[in-house]
């Protein structure tokens, strides 16, 4: 068997140059070590087969040797092309697998973003619930947020993870801005003047004389009757909600000044502290409410009488109400009764009420403290003249009792001046025959002396007896 003729140097250079050019074009194709090894093994196997195929011809001459050398180069190129095609077939598969991996990564990123947004929303809801005092709901939302993203609080940043002091400062700044806007609107409305000659215009055609025909002075005088001596300022505010003209009339400073004088009297003070607005003084300064009654409910358990059976121990549930009503002229009424408010409030409608057990007296308001002195009103039961002399003799030995009470006027939630808190309570007993005075101070606690909450009574201001003076 003849040997394969050697390849000349030119052919070797040509082959090397071609191979180098082709290898340079695919230099950036990255294959794994295992794929490269398999490709090389396949290449060597094909070369061995081609050598066996052309090595059996012993009668090939010198020309055939040259042609066999060319064929060997072609075989090498064919092997390289086959290798190239294999690489091209593997590349789309790898790129396809990469795209799948990329899509999975995109899905994971999107899911993470959605979880963070949802956790952020839950955390913000928890903060709002905590600010509102709803602790159970706040814990529920915080738990939801931490289940989605454990470090959600650190991811939110300084905006949501601020301290309570910073929150209060920001809330106060926002409230100041809102209050500035409200003050601007109020000042703007108060300084508005009526462009029309009439106070208001009728919305529908009227067959009778409309209120718009009345002059402004007469409307203001009617407002004095609306407020009346009972200081029904709520009706005045409701009147201002009707229209622009009524709003301007309801802000008449003369009406509000008389109301302030009625409440504080000699302790009126200066209006400069309230920017010259009597209405603002009435709103911001602590005072009592007169269109209703302050009510408290007392409940306690008392042991009953012991019977013959030692195993049975009776107890009684005692329940009663305490009512306090103030009048603008400095008078007040106080009643302790087991009856419900529906039955007891009618007994406090008038100052000259002579219901059994009612206390009547006066009060003085200083800042937010109310000092009261009361005496029991003696009822006048019907009786025969036959026993009048005997009753008169018996009443001479009665005790003269007076009650001294002090309250603090505070707000109840959003309702200003709607709560009375007990400060002191004392009873002074003077015996008429000897002049001996005995003072008893009660120990105050929330169980037997709870705070009194104001309740508006419509019947107290249903009618006006005299205007505001």
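Yeah, the Cβs are placed from backbone N, Cα and C, and that goes for glycine too.
TrEMBL entries are annotated by machine, without manual review.
Features reported for this protein in TrEMBL:
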type	residues	note
COMPBIAS	12-42	compositional bias 'Basic and acidic residues'
DOMAIN	211-261	domain 'F-box'
DOMAIN	272-413	domain 'F-box protein Hrt3/FBXO9 C-terminal'
REGION	1-42	region 'Disordered'
REGION	87-107	region 'Disordered'
REPEAT	119-152	repeat 'TPR'
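Within the domain 'F-box' (211-261), the DSSP-based counts of helix, strand and coil residues read 39 helix, 0 strand, 12 coil. According to DSSP, the secondary structure content of the domain 'F-box protein Hrt3/FBXO9 C-terminal' (272-413) in residues is 29 helix, 61 strand, 52 coil. Mean pLDDT for the domain 'F-box protein Hrt3/FBXO9 C-terminal' (272-413) in the predicted structure: 84.
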